[in-house]
């Protein structure tokens, strides 16, 4: 492999600034890798856009070496949930197979304005619904990691599986993803990379195809914590086009990564020590907790009593919002259409053929939960319990600074294994609570399992404390070391 692809964003930027290599060289190396990739991570490739950005970057680096945006000339990918003007945006669904937006999402536009070289659009679970990236209309994504015990291919996680696999496979230096119930953090954990979901409202949702509007949030996946800080600085900020975006000033997150965690109180919730979590993850959880103590932090036990209700609450709320958000796909205004004799028949056939199995399952659940006879019993009750979950976190953060939990209960499972939907739901058990509360959280690799697959922990912070969780994650990263796949 060309060594340029193994560099982090920080190292790439430094090399460009020193003129050790050109942006065109850097981007062309990645374009070649994307053209020959075997992971099915990229579904739309935009080499001409990437090369154009690289040429502009080289002109800037020739004129000046300082005060150049950290992503200028850096090869990145964009999850196919974000609308990209003039470039096919499908949400990996047959329903939007040929949809070409006439506008750019705010977060992808911020990447373009920063000078990043966008290599293309990344595979994902259809409409971001899934935890394995096996629900894509364009086929599953493969994880770059292989299970040593039997040589089996494993899933990359989801729904941002293409984003995580492309970064882990050195196809791009960083990737834009989305996180509704763990869709950045869980695939980052499975692929051995860093994934951060900021506070709900930190990033604009304008131009991001809606799944569950009260939960959806853009996030980033990179190979190091410092790289995540750099990307997050670019995509965060107020947007008048999104009424839920925050007007809070966005700090320079990278400047807060100093490794100083002395006196910080880290909570370990007893409710997360549940059945089904692997012994290897428990071991790493305990080891990292001890390491953080050695670095001056205080580790204490806490309780989040309503966590046990998080999964059913999440699936009721997100399915209800899915039912509402996806009602617009009827074959009339845009997207896939089945010709029929009557309007009602066209609606029915279009949605039956245009949506995949998992999407239809969630629409049915959501429609049932919102129906007049069940609204109070299911949806309204779920919202009440969501408030209790949020209040548990608020109360906990009165006495602690951060929460340390696993990112997933197990390592990645086999690509050809078919766990039932209930198992897939439980897979999100550690990421969903922070999403329901709207809190920032970051997944960071902590080692490998006996089968040679990545394991990860998650740091959850208080509202708008992305800087704090990035610094805490950097200490974990320093203690555990970054993991790199030798097969790539």
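Here the Cβ of each residue, glycine as well, is placed from N, Cα and C on the backbone.
Here's what Swiss-Prot has on this protein:
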{"type": "ACT_SITE", "residues": "79", "note": "active site, charge relay system"}
{"type": "ACT_SITE", "residues": "159", "note": "active site, charge relay system"}
{"type": "ACT_SITE", "residues": "183", "note": "active site, acyl-ester intermediate"}
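Feature map: annotations from Swiss-Prot on the structure.
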residue	record	DSSP (3 states)
79	active site, charge relay system	strand
159	active site, charge relay system	coil
183	active site, acyl-ester intermediate	coil
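In this structure the alpha carbons, written CA, of residue 159 (active site, charge relay system) and residue 79 (active site, charge relay system) are 10 Å apart. Between the active-site residues 159, 183, 183 has the most other Cβ atoms inside 10 Å of its own Cβ, all protein chains included. In this structure the C-alpha atoms belonging to residue 183 (active site, acyl-ester intermediate) and residue 79 (active site, charge relay system) are separated by 11 Å. Within 10 Å of the C-beta atom of residue 79 (active site, charge relay system) sit 32 other C-beta atoms, taking all shown protein chains into account.
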